[in-house]
Structure formats: structure tokens, C-alpha cells
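Single-structure report; data block below.
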Amino acid sequence: MRQRSKKGMRSKEEVSQLRTPIVCVMGHVDHGKTTLLDRIRGTTVAQYEAGAITQHIGATEIPLSVIQQFCGSGFKANLMVPGLLFIDTPGHHAFTSLRSRGGSLADLAILIVDINEGFQPQTIESINILKRFKTPFVVAANKIDRIPGWRPVENAPMEKSLAGQTERVVETLETKIYELVGELYKYGFDSNRYDRIADFTKTVGIIPVSAITGEGIPDLLLVLVGLAQRFLKQNLVIESSRPGMGTILEVKEERGLGTTLDVILYDGMISVGDTIVVGTPREPIITKVRALLKPRPLKEIRSEERFTPVKHVVAASGIKVSAPKLETALAGSTIRVVGEGEDPEAIAKEIRSEIEAVRIDTDTVGVILKADTIGSLEGLVGELRAKNIPIHVADVGPVTRRDVIRAAAIKDPLLSVILGFNVEILPDALSEIQKLDIPVFQSDVIYTLLESYEEWMEEKKMQMEQERLEAIVKPGCVRILPDCVFRQSKPAIVGVQVVGGTISHNVPLIREDGAVVGTIRGIQQRNENIPMATVGQEVAISIDGPTVGRQIHEGDLLYVNIPEKHARIIEQELKQKMSQDEIEVFEKFLEIKRKKDMFWGR
């Protein structure tokens, strides 16, 4: 390490050696990820996120000078890292793979947990991602201001804030922290309150914070920069000669620039004039950098409109790239600088392979899935697969007429649907949807999209089950009444009493010896047609097939001839719900059938 100057200041050469550490913010929905970053940077991005849940990765550079200002007199260390670059990963657990990309890019992570709610499903998922990528992390135990009796001290470090609390409040905080310690232990992590830790390589630090009041945030920032410098220093050393690599956050039209890319540069360097390869839904683009624009520090790249042009940018940084032919660039995919002696086509092939691994287009039965970015698509595909919902097509872009026709070709009514995340429906697709009556689910919040589809699917299943059971031929038995033969044949019309079960139109009848006699074509009571008759009713029925006096006689018992497949369903699913008279008729019917075939209906 180079020698520092006497006053503890860092030389420009030293600063340039270390890149800004990338910090990933992860956690459960509504536990305060975006609010925490808002508190740090003083912006209000959270207010215009759909459903107040961040749905696209954002990037915020917090310079060391701001961290020093925030921490005040508590800032005593001589630090060489230039600041922190926060990636605000989407809050909902469906974005596993987008988070995974964030996790793989991140040098450090903040796992934010509502101290009053504890671990939730997405908290656990975030931990698993961090474990998978071996990303060091700290826990921000948020919403301490909601502990009953808490006295807020705006932007105070934890030591000062705790000094103003009652003993009972401090005890409550301690209890909640140790509940988190217990939860973390379940997942294989030793943890403690950050100011009680001797070795951060072995113990996860828990930092009580309030994103609303700013309490504990100075401690959080100090711990992050300290960890980065102490344990990640070698990983942060920049090799300026290395060709840049980044992830495309968003594709945007900018006045005077045309189509631009918002990019997280996570490795190497990018310069004006560099040849770059950019991922698209189909073939990657090979183009040249026309301009590089960098937001002023403390500005979130999605929210900033005024940018400073620069000649080159070194990782890690959030930048805007202007170049020709970017119209089809795909958000969430890779951007790479072509280094000296490298083959652009070979790099394009690598990027294409990455994208093809996500896109799905098979002949199997499944839903049609459309999303606005490759990251959204990855998350949705993972979520649907986890729920065992098959996918026929998964692609980026608006809902097209072709998508509708593909959905209509799916014969399974539960899967003949289109799911659209944050995408529009093209006009010709809309008219086709109305014509073919294809269910379409749209939302710009992932969990809302999935919940609405799942709710519809459950209702549809119930409807289909009801229709299936209604189509089952039910047990029924009638006795032909004496002196009630109104017509002998073509069709035979006789008066009957329903002695058990139900009779309805178009059901076949058999005698007690198993002989088929004909099919009920009509049922009347007091000269009025009725759809069915139940036990105890006396009605007239018309029967196609028999002649009274030959195949059927007064006093005969006739049974509804239940198809064997239906008999199995009745035996397995419906028998326990049937009335006693229905059960008796069904068992007598089975007895008749099994005289000839003992395995019938089994």
C-alpha cells in the first residue's frame, strides 16, 4: 500500500486505484429498501414506483464526501474507497434472477428487515441468493421508530439515539435484535449487533436503523465503507486497461441523443469511440460509443435528466451510453466493450447465448408470457416454473396478434391465457383477443400479475369441476305405474314414480336383468315439461326404444344406465356426498352390472 500523506488525506493516485464498491439492497416487499436509499440521497423515487415497489434496478452513487457529512464527528477513519454505488434491486421475490444478477455484481449487500415483522418469504430468498453468490452482507434492522415509545433523533448515529431512549424501549430493541440473531442462525450465519462484533469476516452485523428518521444510517454507511476497505480491497483494485462490462438497466429516448442506454458498468473501462456489443431480443448489436453521460453524484440514474458528458468511465458506475442502432437493445442484458484483438462476433455469440438461455419458445402446452425487460422475464419464468405452470412462449415486447393466435391454439382452458408484465397490447392483438375471447392478465407489479392469474385459475378450476360433475350421469331408478301407459312405442310414454336418485333427459335405462331398454327423451309433470325428477315424484316419461308389453311392463323397475367411467367417479368422489336413496340405487345398479362382470366400475 502506498504511504498516506501526513494529514491522513488520500492521494489522487491512491483513490484511482480502488473502484467504488457496488452495494446491493435486498429484502421483503415494503420493508423499506427504496425509502432507505431515499433517506440517504434525499430524493423521492419511491413515490412514483408502481405499487410503491421498485420494479427496475436503480443505481445511486454516494460519494465519500457525503458519507463523511452524514456521519459527522463519528467519521474518523482514513478511507480510500471513492464512495458507494447502490443497486436498488426489485423488492418482489419473483425477480430472483434479476436479484441474482445484482447479487453476482454486488461487492456488499444490505439485507433490510422490518424489525417489527422479522423474516418474511423474500427475506429468506434474499439470504439464499447472498449465500449462493457468497456476497458479504449486513442486516439493516429497519423501522426502529415504530417500536412503542421510541423517541426519534433525526439522522443520529445509534449511540446518540439509544442514549435518549427509556430502558423499556432499549430492552424491546434488544429482544427484537436477538430474534433476528436466532433467524439468521437458522440459515447458517452467526450475527450480533454491529458494535459488539470483533471479526466481521465471521459474524454478520445487525445495524438498527430508521429509513424515516435517518437514525442508524451513519452507522450503516460507516460499516459498509469499512467492510469494503478492510476485506474487499483486492477486489476493488481497478485495471483500467480491461475492456468494460456492464448491465443495461433501461433503454431510453433522450432529446438530441436518440436512443440511449442506462448502464451499470461493473468491470473495466468504457470510452467514447469504443466498439461495443449490446444484447437485443434477437441478434446482438455491434456499434460505437458516440457519447458517455454521467449523472452528478447523489442522483439516481432513472430520475436524473441533466447529465455531464465524459470521455471515459471506469467501474463501478451508473452511466448513460449514446450510440447508433440502439433501438432494439434489451434491458437487463449485457453490454461489453470490444478490447484490442478481440472478435466482436465472438462476443456477440456469447451475449446471444445468455439471452437464449432465458427466452422460451417450445411446442409444449403452456401460457404466453410477455415482459418489458429480460430481467422481468427471467423472474416471471422462474416464478411460474416454481409453481409448476408450463410456459409455451416467454419473450420480451408488446402483446402481438401472433401471441393471441398462439394462446387460442392451446386446448387447456387454464393455460390458454396471456400474461403481460408492464407491456402494451397492440391494436390488432386487442381485436383478436375480443374475437377469440382469450383471457389476458396485465400489471406493472409482478405479484399483482401472478395473484390475479392464480385467483382466476382457482375460480376457473372450480367452474370446470362443477361442470364436470354436472355432466356425470347420476344414479336413478323408476317404477312403471299400473294403468299409466299412455303410448306403447315410438316413443313409449308411461307414468313412473322415482323410487330413488334422479332422472333427467337423454339418460339410458336398463332393466333389473341388465338389458338396455332405451333412452329418456322427455319428462312431464301436469302436462309441463321439466328437466329432471327426483325421489318421490310421479311423472310421465317418454322412452325411445322399447315397446310396452314386450321389453318393459307395468311394475318394472328401470335403472339409469351409468357409464362405467362415471360410475368410478361417483364411487371415488361423489358417493360420500350422496343421499341415502341415491346410495341404495347406485349399489343396486352396481350389483346388476357386476353379475356379468365382477370388475365392472372398479
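Keep in mind that glycine also has a Cβ here, set from the backbone N, Cα and C atoms.
For 18-233, the entry in Swiss-Prot reads domain 'tr-type G'.
Swiss-Prot lists 27-34 with the feature region 'G1', giving similarity to another entry as the kind of evidence.
The C-beta environment of ILE144 (GTP binding site), restricted to residues of the same chain at least 6 apart in sequence and closer than 8 Å, consists of ILE115, TRP150, LEU173, PRO208, VAL209, SER210, GLU215, GLY216. Look at ILE144 (GTP binding site): DSSP puts it in a helix. For 27-34, 88-92, 142-145, the entry in Swiss-Prot reads GTP binding site, with the evidence type sequence analysis.
Averaged across the region 'G2' (52-56), the predicted model reaches a pLDDT of 38. According to Swiss-Prot, the feature region 'G2' maps to 52-56.
Look at Swiss-Prot and you will find 88-91 tagged as region 'G3'.
The feature region 'G4' is assigned by Swiss-Prot to 142-145. Cβ atoms under 8 Å from those of the region 'G4' (142-145) belong to residues 31-32, 36, 112-116, 152, 173, 208-213, 215-216 of the same chain, restricted to positions at least 6 beyond its ends.
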- prompt: Going by DSSP, how much of the region 'G1' (27-34) is helix, how much is strand and how much is coil, in residues?
  reply: 2 helix, 1 strand, 5 coil
Task: Specify the count of other C-beta atoms within 10 Å of the C-beta of ASP30 (GTP binding site).
output: 16
Task: Using all protein chains in view, find how many other C-beta atoms are within 10 Å of the C-beta of GLY27 (GTP binding site).
output: 27
